[in-house]
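Student: For reference, the structure I am asking about is given below.
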């Protein structure tokens, strides 16, 4: 590997243009597409070339060849995701239930509401720290080294968690303090990954403009950067969900052995992920830090607030003409900010979506614990969301290809709206499952808290497999929502602010965690039917308002892209 040529280190403003090597080997381009030959006013004998607006609008779009560097980052990143899901899967049981409780394993005995609150506090912390790492990345270290710094923090948190979750440490009262330290360190690590990983993955594929290409059958197609980026993020999400199946072995280890041994598996995988990033380092595209433009962006926003909150009026030409004032930014910077603000406004609407998805890691785990488990750990059921993503991911990618070949629009705004609908449906179904639990003995709407439960050992007589459709619906919602959000945040952000915009999108998830903390006192029996019903209703309202507010952006999606 050391003998292979090292890829160049490039500046954001010096990204090379589209390369056509080996395009004919690419399956999406080789597959015949039923379309008429394009009539174009330009010379088609010299291909590939930049596609015109008419060609972009009328010709089928296909994906480009995915470079090795992108696949390398996807595989190494999947190792980090294996660790993440392997850590958080047992947390609800670890925090909620005491040691020795059956049929559900536990350690700290803090109760459901407290455990949910701590879980939301961790998510909030991990969603606030990306801004810190975004600044470190843009000003000092760059994305690659900032990512490695975060992974080292991550590893430290894993070691602390293992050391304080062994039975002897728990008996000496080290559990709560060790958990707090581990949450801080892993939260820092997760924050670094959230800020840098998605833009770093996007950096591995470089294309400036859509290209016109003639297939072997003579048909003209447009090799499309946004669709290629969409494929890359879909591939990453597919690998992520394979990695999320770590919740299956760790929960069985937790169930049959001890929590520390479950955390050990996650820690070993993180070590492998770090090793892969280091091993493939010379093959990865590393964009040098450009200096942080956030202060300049803030000054533009302040200027806009003094000019009727209109960014157009912050352009140097307007300021010079109307205020005889010279400003230290350019018209193009203002235009880039305008497109970046579109991405931020769109992503902010995912607040309720993030809140619903977070239920998988706390309240839905507790719901499963109230049901007949038939030898299956209650915190393993969430793994079926990952299984569903693995199944439906390629199906959704195939759907996108099908629609693109027939020039049927299904833009990012439409995809996010669809994700809201599926997410709302999952919460509505969860409310129905909770109603079924409350309607069934022995303890009805107070599971485990009645004499008939045999001292808290007998759950209500409802099979845990009734919960399965919740995770299938959430999986489809994640594929439509999260992947599109990754793509949207990267493609619409200004070149110098891709890490910052990615960090800002994590603040949306942070707001969701704050909401989760606010409703956590109500997250207990017999209130859970109301909690899930309110989430379903809020998700439905969000879908309607989101489509009404942003549907026009799908019509100008290409113009908004910033590569």
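Glycine too: its Cβ is placed from the backbone N, Cα and C atoms.
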Student: If you look at how TrEMBL annotates this chain, which of 83-104, 259-280, 281-302 comes out as transmembrane segment?
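Tutor: Spelled out, TrEMBL records transmembrane segment over residues 259-280, not the other listed ranges.
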Student: What stretch in 412-432, 503-523, 529-548 has the biggest tally of Cβ pairs under 8 Å against the transmembrane segment (176-197)?
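Tutor: Most contacts with the transmembrane segment (176-197): 503-523.
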Student: So what's near the transmembrane segment (529-548) in sequence-distant terms, Cβ-Cβ under 8 Å and 6+ beyond its ends?
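Tutor: For the transmembrane segment (529-548), the nonlocal Cβ contacts are 349, 351-353, 355-356, 359, 363, 413-414, 416-417, 420-421, 423-425, 427-428, 430-431, 434-435, 438, 519, 522-523.
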Student: Excluding the flanking five residues on each side, which residues at least 6 beyond the ends of the transmembrane segment (259-280) place their CB within less than 8 Å of a CB in that stretch?
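Tutor: Distal contacts: 1, 69, 72, 75-80, 82-83, 86-87, 90, 94, 105, 107, 144, 147-148, 151-152, 154-155, 158-159, 161-162, 165-166, 246, 249-251, 253.
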Student: For the transmembrane segment (470-491), could you work out the same-chain residues 6 or more beyond its ends whose Cβ comes under 8 Å from its Cβ atoms?
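Tutor: Beyond its ends, the transmembrane segment (470-491) has Cβ neighbours at 198-199, 202, 226, 229-230, 233-234, 236-237, 241, 343, 346-347, 350, 353, 356-357, 360, 364, 381-382, 384-389, 392-393, 396, 412, 415-416, 418-420, 422-423, 425-426, 429-430, 433, 498, 501-502, 505, 560-563.
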Student: Going along the chain, which residues at least six beyond the ends of the transmembrane segment (235-253) come within the CB cut-off of under 8 Å?
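Tutor: Apart from its flanks, the transmembrane segment (235-253) reaches 66, 71, 74-75, 77-79, 81-83, 85-86, 89-90, 201, 261-263, 265-266, 269, 377, 379-380, 382-383, 385-387, 389-390, 393-394, 475, 478-479, 482-483, 486.
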Student: Which range wins on Cβ pairs under 8 Å with the transmembrane segment (503-523): 121-141, 381-400, 412-432?
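Tutor: Comparing 121-141, 381-400, 412-432: 121-141 has the most Cβ pairs near the transmembrane segment (503-523).
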